[in-house]
């Protein structure tokens, strides 16, 4: 993702050899920007931040429990518990969301 390459020039960590081309740099999974002299032009992208969230769409729920599971049993498994609507899992897995 392009936003992962928004790294302040002084915070860049080198990701390639001196004289690396933009294409070689990107092929290595790194970011390239030659706009600021005196700092690495080929640099490591920012780590993606990930969160686990309970999906809001009831149809997107993936069952994490068994019929009659309690909220406490469900949450011990690290899953979400919402006791409505009928016909969908009430205990369901969290979704991983990249920020």
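Backbone N, Cα and C atoms are what each Cβ position is placed from, and that goes for glycine too.
TrEMBL labels come from automatic prediction, so no person has curated them.
Taken from TrEMBL, the feature disulfide bond applies to 15-30 (among others). The C-beta environment of residue 30 (disulfide bond), restricted to residues of the same chain at least 6 apart in sequence and closer than 8 Å, consists of 15, 16, 42, 43, 44, 45.
The annotation disulfide bond is assigned in TrEMBL to 25-42 (among others). Around the Cβ of residue 25 (disulfide bond), a 10 Å sphere holds 21 further Cβ atoms from the protein chains shown.
Marked as disulfide bond by TrEMBL: 54-80 (among others).
The annotation disulfide bond is assigned in TrEMBL to 64-79 (among others).
Around the Cβ of residue 74 (disulfide bond), 21 further Cβ atoms fall within 10 Å across all displayed protein chains. If you look up TrEMBL, you'll see 74-91 (among others) marked as disulfide bond.
The annotation domain 'P-type' is assigned in TrEMBL to 1-46 (among others).
The annotation domain 'P-type' is assigned in TrEMBL to 52-95 (among others).
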Neighbourhood of residue 79 (disulfide bond), C-beta criterion under 8 angstroms, separation at least six: 64, 65, 91, 92, 93, 94
Residue 25 (disulfide bond) and residue 80 (disulfide bond), distance between Cα atoms, whole Å: 41
Inter-residue C-alpha distance, residue 54 (disulfide bond) and residue 25 (disulfide bond) (nearest angstrom): 37
